[in-house]
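Enquirer: Please see the structure below; I have some questions.
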Amino acid sequence: MLIHKDASEITTYDCSFCSYKAKRKISLTTHMLIHKDASEITTYDCSFCSYKAKRKINLTTHMLIHKDASEITTYDCSFCSYKAKQKISLTTHMLIHKDASEITTYDCSVCSYKAKRKSYLIGHMLIHKDASEITTYGCSFCSYKTKRKRCLTRHMLIHKDASGITT
C-alpha cells in the first residue's frame with residue numbers, strides 16, 4: 001500500500017511527453033491517451049447508438065441499456081434480495097455475508113499485508129525485493145518498462161497501426 005511507504009520509496013511513472021507523474025501505472029496509461037491522435041485510439045462502438053468506449057468492458061456494460069429486462073441475465077444473491085448484472089459484482093457482494101474468519105486471505109510472509117486475491121499478493125511482494133532481483137520487461141519501440149509481462153503485451157498495442165502491424 002502506498003500509505004505505508006516513505007515518499008522517497010514510492011515509484012512514480014513519468015510521462016515521456018510532459019511533466020505528468022503517476023503513482024500507478026494504469027493512471028499513466030490512461031493519461032497517455034491525451035497525447036495520441038484520435039485516429040490512433042481504439043474505440044469500441046455501440047451498434048445501436050452513438051456511444052463509444054475506450055475499454056471493451058465499458059461497452060459491454062453500456063450494451064445492457066439496449067436489452068429488454070427479460071433478456072438480461074441476473075446473478076441473484078442466495079442470502080438477500082441483491083441482484084447483479086455481472087458475476088464479479090455478485091462475487092464481491094457475497095463477501096458481506098461471510099464472517100471474517102471464512103474469507104480466504106493471502107498473507108504476506110514479510111509484513112502484515114493481507115490480500116483477497118493471490119494476484120494482489122504477488123504484486124505486493126515486489127516491494128520486498130531488491131531492484132536487482134526484479135525482472136523487468138522493456139518495450140523495443142520506446143522507453144516503457146514494466147515488472148509484468150502482461151502489461152508489456154498490453155502496452156505494445158499502442159505501437160500498432162490501424163492495420164494491426166506493429167510500427
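Just so you know, glycine gets a Cβ as well, placed from its N, Cα and C.
Residues or ranges marked as domain 'C2H2-type' by TrEMBL: 13-40, 44-71, 106-133.
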Enquirer: Roughly where does the domain 'C2H2-type' (13-40) sit in mean pLDDT, to the nearest integer?
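Expert: Average per-residue pLDDT within the domain 'C2H2-type' (13-40): 83.
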Enquirer: Report the DSSP secondary-structure composition of the domain 'C2H2-type' (13-40) as helix, strand and coil residue counts.
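Expert: Helix/strand/coil tally for the domain 'C2H2-type' (13-40): 14 helix, 4 strand, 10 coil.
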Enquirer: Provide the three-state DSSP residue tally for the domain 'C2H2-type' (44-71): helix first, then strand, then coil.
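Expert: Counting residues per DSSP class in the domain 'C2H2-type' (44-71), I get 14 helix, 4 strand, 10 coil.
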